[in-house]
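Asks: If you scroll down you'll find the structure; I have some questions about it.
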Amino acid sequence: MSETSARAADDLPDLSDLVQGVDPGLPDADLAVALVQRAGRLAADLRAGGLEAERKTSVSDIVTAADRAAEAFVTRALARARPDDGLVGEEGASRASRSGRTWVVDPVDGTYNFYSGAGYWCSALALRGADGAAVLGAVHQPVSGETWLGGPDLPTTLDGRPVDRVEDRPAAHCGFGTYLHPTAIHRDDLREPWLAMTSRVATVRMLGSSSVDLASVATGRLGVWAQHSVLDWDWYPGHALVLGAGGRTHVLEHRGRRWHLAGSPTAVEELSAALTSS
């Protein structure tokens, strides 16, 4: 173990009771909800006690002890409840799958918001099948107390109640959730496709948590969403929710970049066309 890894492990709180409190006999959907709710509460409690942040790739890409503790909790609980399933987490957790299934973990999505004291962050989890397709996703936003659950064959719910199906609207009638890092604004291959999409929507929101954004799409609070170079833990949980709410998701390559889109079927089609024509 490296010095950094050893230090990170030493900084973890005792998670034994929290892990033991998760019933390994729960069905996958109930297990996912239990894990994101407990991970979110753990992170929120640790934030309340004060945290330091470490820089990862940029001043806005950071990690805290709460991220690591929440991921360690989910990792240990899944090792106990689903020992044959694989796992991949944002903060480095990894386990090979013997079942063909893999859990995708984002312990704190929106860490910059989280560390800054803002409420727009969540704990997110997805289950991916042997074919790589999303089976289900769960997202818990501790500040609002809301929990989303859904997937392609699991109609999306918010706090256990079914959400309305995603309304099919043109992009011009949609709020657009997205993100473009300030350093990308000067890159033609990123700025031009992004502007081609933003010029076609009703309004633009950059809020800092992909999974909360996508949960908002599934709930109708945003009409459409797009972002480039999205990592698995930022995509799979919310992608599953959008599918479970009857929305459309799409991944495409353009000018050497991979773009992910989700939302109203018509809006996704229109923004995909705008993007590829840029």
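Yeah, the Cβs are placed from backbone N, Cα and C, and that goes for glycine too.
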Asks: Pick from ASP11, ASP234: which one does TrEMBL list with ASP106, ASP109 for the same Mg(2+) 1 site?
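Replies: The record-listed residue among the candidates is ASP234.
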Asks: Secondary structure at ASP106 (Mg(2+) 1 binding site) (DSSP, helix/strand/coil)?
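Replies: DSSP assigns ASP106 (Mg(2+) 1 binding site) to strand.
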Asks: Given the binding-site residues ASP106, ASP109, ASP234, and counting only Cβ atoms in the protein chains shown, which has the most within 10 Å of its Cβ?
Replies: ASP106
Asks: Count the other Cβ atoms sitting within 10 Å of the Cβ of GLU90 (Mg(2+) 2 binding site), across every protein chain shown.
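Replies: Taking every protein chain into account, the count is 21.
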Asks: How big is the gap, in Å, between the Cα of ASP234 (Mg(2+) 1 binding site) and that of GLU90 (Mg(2+) 2 binding site), rounded to a whole number?
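Replies: Between the alpha carbons of ASP234 (Mg(2+) 1 binding site) and GLU90 (Mg(2+) 2 binding site) there are 9 Å.
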